[in-house]
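Peer 1: Quick one: structure below, then a few questions.
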Amino acid sequence: MFDHPVMVNQKFFRTFQPLFHIYRITGLSPFTYTRKKLTYSLQWSWKIYICNCVIITILTFLGFWGIYEFLKKNAHGLIWSSFSKSNYFAIFDFGEIPMIGFCFVFSTPFKRGDMWKILNGLNKIDSVISPIDVEKDRKQTIIFACVVLSIFSLVMVFDAIVIWSAISESELGLKDYSFYLIYFVVIVCEIQYWQLVFLTGRRIAAINRNFDKNLKENEEISTDFHRHKLIIILLSCFLRLVLDWYMVFVTIINDEIGVFSLLQMVWIFLHLGRLVTILEICHICERE
């Protein structure tokens, strides 16, 4: 199964290519590609996958090491100490994302067949419908990814400044920032799902609601391909929204409104944005 390549047309690959390289770097699409006249051949790469697994394992280990060091310093003055003498909230806050990113990268081979079906479906659709504005789609996906990653990066910088500036006498290193690197993998996974649903929706619109069998199959497989990831992402968003709102509520009750309250509000808006990213593109595709 893994030795069988999938062929995609030049039109589709032109749209998919800019973000495809990001997917490879983050371990979500460990594929290589070669050009053959007007088509591209995508091939599974065990070398890339193993490298991705090694990197995510190291980052996850460093992340939990960072949590251990963080808790050993007790992190007095941080928002958790306002409502809990235990470290459960801190463990959940810093431990959830590394585990999610770790699972996403390691589970890639188990969903490789669904990814091949998605790409084959899009390729078949392109062969029977009128030409799609490839450059417009390419531009829209690049702009969307840049906006999402820029906002995410700003929030990460703000969070790092607020959190780590509150810890005295700490020597910050990769173990302290691995949390943010793994969070990047989770955000890119959401972008990947958005792009696949967006490309499917564009092809549905191109044939004016006259559904083709390949389109229906592709829509279902796109959801199946990301099913477990979507469940984890949505559950993570809802849990973190509850936790962040609770933190804000406690700081207001204790008259400790300050930079930490502002930080939690920023996180709340980020999680709401993640939910909208998933739900909005699904709504558009379903409406078409």
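Placement of Cβ uses the backbone N, Cα and C atoms for every residue, glycine included.
Automatic prediction, not curation, is the source of TrEMBL annotations.
Dumping what TrEMBL says about this protein:
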- 46-68: transmembrane segment (TRANSMEM)
- 88-107: transmembrane segment (TRANSMEM)
- 142-167: transmembrane segment (TRANSMEM)
- 179-199: transmembrane segment (TRANSMEM)
- 230-253: transmembrane segment (TRANSMEM)
- 265-285: transmembrane segment (TRANSMEM)
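A description of the local structural setting of each listed feature is requested, covering burial, neighbours and distances.
Peer 2: Beyond the ends of the transmembrane segment (179-199), by six or more residues, the same chain brings 12, 15-16, 19, 22-23, 26-29, 56, 59-60, 63, 66, 94, 97-98, 100-102, 104-105, 118, 122, 137, 140-141, 144-145, 148-149, 152, 156, 159-160, 219, 222, 225-226, 229-230, 233, 236, 274, 277-278, 281-282, 284-285 to within a C-beta distance below 8 angstroms of the stretch.
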Peer 1: With a Cβ cut-off under 8 Å, give me the same-chain residues at least six positions beyond the ends of the transmembrane segment (265-285) that come close to it.
Peer 2: 148, 151-152, 155, 158-159, 187, 190-191, 193-194, 197-198, 200-201, 204, 219, 230, 233-234, 237, 240-241, 244-245, 248
